[in-house]
């Protein structure tokens, strides 16, 4: 089966290098469609697609469409984009990214992972369990899965696992058999207009599940718990540390660099219960334990054996830019993380404290003026688990500056709320020297943000080595999130 006849002609993706667009393009290419696209920059995703034989134009202009018969766009593409304007002038079908993803999903039974945070990691964990169970899933993710070296793969099995992006509301179109909701926080309000409208969208996402499917929902999160009460006539499986959770983690601890916990599994319908003891997850942090519970909830609905679940979680290779170890210098371990929302930052810093015997040093590049402005108080309160905070200039992402939403304003806000060690970063070139002056052996440095800070993080071990001291590079497989065993705090 295919979502559309192979003879529909050339499919052109505008912004093909985006993490969501690239995954769909890769799967369609592997299905046998003629795929091409354009992007503004020659990114790692673009290079990967070119390596598969997909034609990618750098720069966007009308002539790039050539013989294209269909174009696919994401919400990031503006109405005045020259390729979109050319497609409309030629009366070509214009397909939204979520619509094309939905067409792919109709071919299989699907797990769709939604939520403000944790979608990418949870998608990867579900995929890992289905892989270990021999189900050979098709996967389209919002991040690079280290085990695949890509964010997408075409499997031969009956199941598909996809990340459901809520940013533009189109996730309500996705036909999921099993839907996960990890959490719901105020985000993307520029699209929704209000938090209530965003919550209504998540309700629609869950109610799209068919009568034979299920919604797997985090009862620990107050907004998700409230949403559970609004869902009618759909099977619900809850997870969390809450005593009422159907999939409940207890006795959580850190052992040899692993998150270790017991899982009590209760069937709400029959009342039967069982327990998985000593589950080992190769990731730090309570938030990742919760993500793994969501994946366990899916696995129990699919009847996957406990030994397969255990093996998948213990051997999980992680996701790029999710607490990724990039190297060390003078016994200072350096990590790169995508966290850019206050809830994500707080969760990453909690995980960092559990992963080190020394201090935690956070380097943050705020992402978008609007986000910093709208969540300023939350940003000023989310760094409590960092012993030192280094604040860079805001990554603009095409936005214009907003008064009071700046590097210096955040530095002042953190200090005003009692943080004892906050520094402003003059520029990326100043970071190595500042880290060298601040960090001590045994400390952990984590670079946080959705912008260019990932390049600073990956260059930091080499840049520090040039200043003197011993560097240790991350192993090729070290994109695993499992950190070095902790010997001190929190045992």
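Even glycines carry a Cβ here, placed using N, Cα and C.
According to Swiss-Prot, the features are:
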{"type": "BINDING", "residues": "115, 116, 117, 118, 119, 120, 121", "note": "ATP binding site"}
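Cβ crowding, taken as the number of other Cβ atoms within 10 Å, peaks at 121 among the binding-site residues 116, 120, 121. With every protein chain in view, the residue among the binding-site residues 117, 119 whose Cβ has the most Cβ partners within 10 Å turns out to be 119. Within 8 Å of the Cβ centroid of the ATP site, not counting the listed residues 115, 116, 117, 118, 119, 120, 121, the chain contributes 113, 122, 182, 183, 291. Sequence-distant neighbours of residue 115 (ATP binding site) (same chain, six or more apart, CB under 8 Å from its CB) are 122, 166, 180, 181, 182, 183, 184, 218, listed in sequence order. Secondary structure from DSSP puts residue 120 (ATP binding site) in a helix.
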